[in-house]
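Undergrad: This is the structure, below, for whatever I ask next.
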Amino acid sequence: MCGWPLLVLWALLPATAAGSPGRSYPHRVVLDPEGKYWLHWGRQGERLAFRLEVRTNGYVGFGFSPTGSMAAADIVVGGVAHGRPYLQDYFTNADRELEKDAQQDYHLDYAMENSTHTVIEFSRELHTCDVNDKSLTDSTVRVIWAYHHDDPGESGPKYHDLNRGTRSLRLLNPEKANVVSTVLPYFDLVNQNVPIPNKGTTYWCQMFKIPTFQEKHHVIKVEPIIERGHENLVHHILVYQCSSNFNDSVLDFGHECYHPNMPDAFLTCETVILAWGIGGEGFTYPPHVGLSLGMPLDPRYVLLEVHYDNPARRKGLIDSSGLRVFHTTDIRRYDAGVIEAGLWVSLFHTIPPGMPEFHSEGHCTLECLEEALGAEKPSGIHVFAVLLHAHLAGKGIRLRHFRKGEEMKLLAYDDDYDFNFQEFQYLREEQTILPGDNLITECRYNTKDRAVMTWGGLSTRNEMCLSYLLYYPRVNLTRCSSIPDIMEQLQFIGVKEIYRPVTTWPFIIKSPKQYRNLSFMDAMNKFKWTKKEGLSFNKLVLSLPVNVRCSKTDNAEWSIQGMTAIPPDIKRPYEAEPLVCEKAASPPLHGIFSLRLLTCALLLGSMLSSQGL
C-alpha cells in the first residue's frame, strides 16, 4: 500500500519526528499551568501553521473565541486513533453546543502519537470566508485549548472537564531577524524573591537604576528571564522610563502597582520603553536602530512592572523573573525614541456607565508635530513598532494617521484588545511621520457592568487611551497628547457655574441647585445616564476642542503646550481593500499525498514501537 514512500519515510524519520519537513515555528508558548500543552506557530504567506504537543493519547482541541469562553468559538479537534490521524473543523453556537463545520478549512500536515504524547501539525488560511471561522488579523486572539485522554467516539469528542483553558496571543506579530546574544554584554532588570499573593491578578513594581557607562551604548535586544516553572505565572512585563531627578533611595523596595500606598516616585514613570508578553521571544530592534544608554538624556531610572496571573490562587509562590537587556558599543546608525501619543491621563477623560460601546480620542496634533519635528527633523521620523494601551474597560484601540486631511494606512490596531496582554507590535513596513501630520489614538470601551462614571487615571479601574511609538531618529518629543474641554462636558449635564478661583480638586459646582457644592465628579455620577444620553455625550466629546500637550524630556514643554486645537477635518478616510471571498477550492493534491504519507508514517511508527525501537 505504501510502497516506495515507506522507504522515503524511513530515511526521513529522524527529521520528521521533530516536525514536518521544511516547516519552522518562530513562536511558542505553554498554555497550561503544568506544562502539558505546548503551542508552536508561524506564518506562511496567507496561511498560519500550528504545531500542538500535548501530554495525552486522546484528542487535542484548539480554537479561537471572541471572549475566551466556548461560546461562538472556532474549534479544531485532532489526534491519532487506532493508528490513523484525524483532524476535524468544528464551531460552537451561542449556547456552547459543538457542531461539525460543513466547510472544513483546517488541513492536517503531520500527526504522531507515542506512549505519552500526541503531536499534530496543521494549517489554515488567515481568512477562510467561512462565517463559522474567525479571521486571523493583527488583533489579539483569545486562544482556547482542551484535551481528553480518549479519542472522539461516534457522538463526537467527550467533555474535557478541567483540561481546558484560554490565553490571549498576537499570532501575526512579524518575527524579526534574531541577534546572536551569547557574545553581547547585558544587564538584568529582575525581581528578587517577590511573594505572589494568592489572588488572581497581581501587578508588582520595582525601580532599577541603569548601569553607569563611560561611553554610549545601544540596547539592541531584550529577552524575558522567567523563573523555571513560572512560565504560566508571569503574564507580561513593562519597563517605564522614570524621572532622572532621584537618588538611589528609590531603589530600596518594590511594591504592588496602582496601590494607594505605593511610593510617589512610581508616579513619575510614565513612558513605556520596553515590553514583553507571554508567548513572545523578546524584542529585537531593527539592525539600523538601537536604544541609547549612557548619554545625558537617556534613561537613568526605570520601573519594572510585572503582571502575575494566578487563577488557581496558589499559595507560597516566590518569583524572581524579569528582563535581560543586551547592549553594545557598536553603535548603530540611529537612536530609537519613544513618543507617548493619545489622551493625557486626567479626570477630564470621562466615560459614562452602562455603555456597551463608547469611543474616546486622543490627538497628537498637527500643531505639536509641526513645531517639534519642524525644529528637530523636518524630513520626518520613522515608526517601526507600536504598543497600544488602555485599561480594563478597553475593548479596541486604533492608531490613525492623517496628512493634509487624508487618512493614511493605520499605524497599528487591536480590535480585540486585552489589558492582560500587551506587547509592542512590529510594523511590517516602517511608516514616516512628517511635520504637520495628525495622529489619533482611538479607543473603544465597554462599561455595561459599571454603575458609576469611569475616569482617566492610573488605577486599572480608571482608564487610559495611549499609543507608544518606537521610532528613529530620536527627537526631543516624549509626549504628544490632548485633553478634551471639561466645561463643555459639564454643560451637557446642566452645570452652569463653578466656584472661582479654583482652590480645591476636584473643583466644586456652584449652580444649578441640584449640583451645588458637589465636586464635578459627584455631579457627573449624580446625572441619570441612559444609553441614549451616553451616545449623545459621546458625539459631543468627540467634537470638542482639545488642550494640546506637547512635552520634551523631563517634562520640559514645547511652546504649543496648553494651546487649544480643533480635531482634524477628515476629508478622505482610509479605505482598506475589501476581502473578496470565492468558492472554496478542493484540497491540493500535495495535501492528499501528505495524508498518505502520514498514514504510512503512523504504520511505520507502530512497527518500530512493537520492535522496541
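Heads up, the Cβ atoms here are built off N, Cα and C, so glycines get one too.
In case it's useful when we look at the structure, here is the feature table from Swiss-Prot:
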- TYR203: active site (ACT_SITE)
- HIS389: active site (ACT_SITE)
- HIS235, HIS236, HIS307: Cu cation A binding site (BINDING)
- CYS205-CYS257: disulfide bond (DISULFID)
- CYS242-CYS269: disulfide bond (DISULFID)
- CYS364-CYS480: disulfide bond (DISULFID)
- CYS368-CYS550: disulfide bond (DISULFID)
- CYS443-CYS465: disulfide bond (DISULFID)
- 1-19: signal peptide (SIGNAL)
- 588-608: transmembrane segment (TRANSMEM)
Undergrad: Where CYS242 (disulfide bond) and HIS389 (active site) are concerned, what is their Cα separation in Å, rounded?
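TA: Computed Cα spacing between CYS242 (disulfide bond) and HIS389 (active site) is 18 Å.
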Undergrad: Quick check: which same-chain residues outside HIS235, HIS236, HIS307 lie with their CB within 8 A of the centre of the Cu cation A site CB atoms?
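TA: These residues sit around the Cu cation A site: VAL234, ILE237, GLY277, ILE278, VAL306, TYR308, ASP309, ASN420, PHE421, GLN422.
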Undergrad: Write out the long-range same-chain contacts of CYS368 (disulfide bond), meaning residues 6 or more apart in sequence whose Cβ is under 8 Å from its Cβ.
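TA: Long-range Cβ contacts: LEU477, CYS480, VAL548, ARG549, CYS550, TRP558, ILE560.
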Undergrad: If you count the other Cβ atoms within 10 Å of each Cβ, which of the disulfide-bonded residues CYS205, CYS242, CYS443 comes out on top?
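TA: Neighbour-count leader: CYS443.
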Undergrad: Quick check: of the recorded positions listed here (TYR203, HIS235, HIS236, HIS307, HIS389), which one has the Cα closest to that of CYS465 (disulfide bond)?
TA: HIS389
Undergrad: Can you tell me whether DSSP puts CYS242 (disulfide bond) in helix, strand or coil?
TA: coil
Undergrad: Here's one to test understanding: among the recorded positions TYR203, HIS236, HIS307, HIS389, whose C-alpha is closest in space to the C-alpha of CYS257 (disulfide bond)?
TA: TYR203
Undergrad: Near TYR203 (active site), which recorded positions out of CYS269, HIS307, CYS443 have their CA within 10 Å?
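TA: Checking each Cα against TYR203 (active site), the hits are HIS307.
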Undergrad: Taking DSSP three-state, what's TYR203 (active site) in: helix, strand or coil?
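TA: TYR203 (active site) sits in a strand per DSSP.
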Undergrad: How big is the gap, in Å, between the Cα of HIS389 (active site) and that of HIS236 (Cu cation A binding site), rounded to a whole number?
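TA: Between the Cα atoms of HIS389 (active site) and HIS236 (Cu cation A binding site), the distance comes to 13 Å.
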Undergrad: Check each residue in the chain of HIS307 (Cu cation A binding site) that is at least six apart in sequence and keep those whose C-beta is under 8 Å from its C-beta; list them in sequence order.
TA: THR201, THR202, TYR203, VAL234, HIS235, HIS236, ILE237, ASN420
Undergrad: Helix, strand or coil for CYS269 (disulfide bond)? Use DSSP.
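TA: DSSP assigns CYS269 (disulfide bond) to coil.
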Undergrad: Using a 10 Å radius around its CB, how many other CB atoms surround CYS550 (disulfide bond)?
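TA: Taking all protein chains shown, CYS550 (disulfide bond) has 25 Cβ neighbours within 10 Å.
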